[in-house]
Number of protein chains: 2
Amino acid sequence: MAAAAVVSNGDYAAVKTPSTGRFAAGYSEVQNSRLDHSLPLPSVLKSSLKVVDGPPSSAAGNPDEIAKLFPCLYGQPSVNLVPGDSAGELAPKALKIGVVLSGGQAPGGHNVISGIFDYLQDRCKGSTLYGFRGGPAGIMKGKYVVLTPEFIYPYRNQGGFDMICSGRDKIETPEQFKQAADTAVKLDLDGLVVIGGDDSNTNACLLAENFRSKNLKTRVIGCPKTIDGDLKSKEVPTSFGFDTACKIYAEMIGNVMVDARSTGKYYHFVRLMGRAASHITLECALQTHPNVTLIGEEVAAKKQTLKNVTDYIADVICKRAELGYNYGVILIPEGLIDFIPEVQQLIAELNEILAHDVVDEAGIWKKKLTPQSLELFDLLPQAIQEQLMLERDPHGNVQVAKIETEKMLIQMVETELEARKQASAYKGQFKGQSHFFGYEGRCGLPSNFDATYCNALGYAAGVLLHSGKTGLISSVGNLAAPVAEWTVGGTALTSLMDVERRHGKFKPVIKKAMVELEGAPFKKYVSLREEWALKNLYINPGPIQFVGPTADKVNHTLLLELGYQE
Amino acid sequence: MAAAAVVSNGDYAAVKTPSTGRFAAGYSEVQNSRLDHSLPLPSVLKSSLKVVDGPPSSAAGNPDEIAKLFPCLYGQPSVNLVPGDSAGELAPKALKIGVVLSGGQAPGGHNVISGIFDYLQDRCKGSTLYGFRGGPAGIMKGKYVVLTPEFIYPYRNQGGFDMICSGRDKIETPEQFKQAADTAVKLDLDGLVVIGGDDSNTNACLLAENFRSKNLKTRVIGCPKTIDGDLKSKEVPTSFGFDTACKIYAEMIGNVMVDARSTGKYYHFVRLMGRAASHITLECALQTHPNVTLIGEEVAAKKQTLKNVTDYIADVICKRAELGYNYGVILIPEGLIDFIPEVQQLIAELNEILAHDVVDEAGIWKKKLTPQSLELFDLLPQAIQEQLMLERDPHGNVQVAKIETEKMLIQMVETELEARKQASAYKGQFKGQSHFFGYEGRCGLPSNFDATYCNALGYAAGVLLHSGKTGLISSVGNLAAPVAEWTVGGTALTSLMDVERRHGKFKPVIKKAMVELEGAPFKKYVSLREEWALKNLYINPGPIQFVGPTADKVNHTLLLELGYQE
């Protein structure tokens, strides 16, 4: 490694000295302190190893359809890495590997890349690692950078995806597959690592199938990324980024809780990222003990209406007022209203009406709504009504994502409490404060857990490609144990798939892992929520620590799902 | 200290063991780890010391009026603590001291209290410390708790004001002074420590004057608190809480910056707490290097209009678009629009009109606005117009605090960029994301600096009361040096005061310390802002660390104001 080098990627145009781990400019002390943080590897990755095939695999559902969609790959075994003698070891050889980041940011992405890189340096001398820029589009357009020690160094243990950036394009049409294949051939790629969520890993498997069907030598391995925590299975216990993002949100929630208790006069409504599943909200609740937590999956399972949700919150507020508490903290998953059937129905009707009718000031258009939807519409605060009418996407559809659910709930709760006050059923004071924690958590410096986990995922992806595997997702398990004991392998992506019918065709999907209402994290929350609602058992997790006795703690969700009782 | 005790304050109804520093429940690992964090004291506080009077003091302005307002206290010297021999030492005696938290939360408040407590334990055996509950109202109503080791322990180095809570009541009428005196007499108080901002310290001095004029023995000492950083002077280099709050906001800003650079498609508009002065925004800028930073004091000094501000932001965005950057981060102080004269004028006119006239749908009422105000009103986005018209306080006045400045600016910039696009002067894509960081920072776990500084402030307040001083503010200086070398004293509160004329009467005020346009922090920012605007020199400070090499760093503002070139 050079003693000093000018980093060539524009954003870090600072003279750095890898040997001391210090930048002349551009990094904070904490960023600098992370550069040389050494990452423990699972024991199996530290010495001679061999790749052991498991039994033939099936699919998560509809195996016959998955078999048709993946004729080359379906049924292939998942694999485990186990200690081997040096005789059975993979022969060192120079590989050409590409890596791509796909979709939204999650803390630890850079460490997956450095993990792959380190594996190649350690075991496959003379290899080349290409970083495709800007996500899958970078593969299709052949936009890449050769990753060198100097290029990678400043991103070690740093948050963000800015080393090579990400993108949301997909490789799915025959033309796009051809572009990807052209790049793979042109660069003579032995392998490609796709770092992404459920969709991206599905597409990684389609690409692996496509390459295999064309007899290309390029293998494709996926890595599980998403702060939302909804890409997981028995073999892949968690997606990276979830741990860090939840800890960052929980830090903020904990601070707001102490503020609420100190001030004694605000209800803080905190919306948290996580459009599909409510894992983030649940984990943050387990970390901080809020007074109310809404879990989308529960709302859906109980077929709750917006009025039910409002009443639930108002009930807790009324009970707390009787105890003398006119403050509290309420957690709301970003995707809440997607879980409420009546809201979906209203939005569908609005889309239909607004596409064809003129909205008159007098409100005659409203007569086209079904009675239930009209009732719901009239229940909504005026600002939300306007948002529904005015904020349209380019196709003229209501933009559900733009609705500030936390503000909507504050207004609805306020109205409900006012009515109860009139009926002498509530005597407290209610003041709502809204928060949305999202972007703050996607690019934080990865926690020690995410940093180490990602490094292992990347290192394992290197092994899998080295051993000629394709269509697997890098899988690191036994995560509650010391890192030395973590298990490492690759899971057949087809084994995680089911099909969905879209536009009359079967599409393969890795089903999003939703919050299980029978799962240990949710059950733990349910067992405690009544106490949390009325007592003030707030916990302030504080800022993520990178050194010291608290630095290596793993999130509750993972521990509970792995069977640990806390 | 008892080996185990049930903590009696309701919110921490957990069995704790002071000897091990662990709670059975209710605290996070990081909170627990902070309980036994030991705080270094300035050397002068660690051994025999004496209190040395300085020369007679004057006032910050209008000394004759201040002398009239404070006939007993005006002119009294500030004092320094210096090493003394044991002969000249203060005689140990049991004291009865009260302490009160006044105004908004700031990290470190609990440590001021534990600092006072520890002084009494160390040097005044047999003393009693009363914590007045809920702010100054607690003094007037005689609502207090006796602070014991067991009561205080769980709050050591913890954020929030929840140990005794705070309040915004003021002691200012003769009746209120009498109530306070009654409590002081009833509890036989030797002293009272008022922990608060500029107003609270002014009131502390009025109370000291009042007690002295009544020949009560109760002395009053102030402590400088506010995250806004606008209570400071030569003798009081910073208010506590500023360091921690800025670091928490900067952590979030840094994360958002990395996200902006990784995603490449959003402009994040971040509003930061600080209604009067823009210190927080300036400090966060120095920590993170955003593309645009608005400093209220500069906007006011340059008599900028809202259009000027919008154009400035739009100019940066256009230049960045030419460089290929369609993303960025913009920091906005909460009080921005209070600094724009034309906005103040518009609001004054609106208040007048809305108090007397009916607002007609057709907008004829608008004709009552002056032409400039009408022009400005029409320039505002519709949502902001509505906010101005609809959100009124109980007196019917426009609620400036409710205006979401960051959203207003996003809309105004969007409109301006659209116009430039029509004129072919801008070809980029603009998407704004709004953030408000406020409550997240007021109750975080105090940084090592704030924890240590507050402890010293409290300990010093103990010395000052022990030595019979009154009307001083606890003053700890030389803060860039190692803690051992910090200076300790008390500054005559009257020396910090000027008068303002309110309702035809002179009122004493400690003037808020605004951002000095000739001060080192602002000049440093000005020297760098053009580079920050166009290049991406973002710095991600990361989460506050409590241990390790980065844990003891002090904020830029303080270092620069103390003359350190960084």
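Just so it is clear, glycine is given a Cβ too, placed from its N, Cα and C backbone atoms.
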One of A:E334, A:E342, A:E349, A:E375 listed by TrEMBL as binding substrate at the site of A:T226, A:I227, A:D228, A:K265, A:Y266, A:M273, A:G274, A:R275, A:Y439, A:E440, A:G441, A:R442: A:E334
Number of Cβ atoms other than its own within 10 Å, given for A:D228 (substrate binding site): 27
Winner by Cβ contact number (other Cβ atoms within 10 Å) across the recorded positions A:D199, A:T226, A:Y266: A:T226
Arithmetic mean of per-residue pLDDT over the domain 'Phosphofructokinase' (A:96-461): 94
Proximal but sequence-remote residues of the same chain as A:G274 (substrate binding site) (Cβ under 8 Å, at least 6 apart): A:I227, A:D228, A:G229, A:D230, A:I280, A:T281, A:P333, A:E334, A:G335
Neighbouring C-beta atoms (10 Å sphere around the C-beta of A:E440 (substrate binding site)): 24
Distance [Cα-Cα, Å, rounded] between A:T226 (substrate binding site) and A:D198 (Mg(2+) binding site): 9
Chain B neighbours, restricted to the recorded positions A:D198, A:D199, A:T226, A:D228, A:G274, A:E334, by C-beta under 8 angstroms: none
C-alpha spacing of A:D198 (Mg(2+) binding site) relative to A:Y266 (substrate binding site), in angstrom: 38
A:R442 (substrate binding site) and A:D198 (Mg(2+) binding site), distance between Cα atoms, whole Å: 17
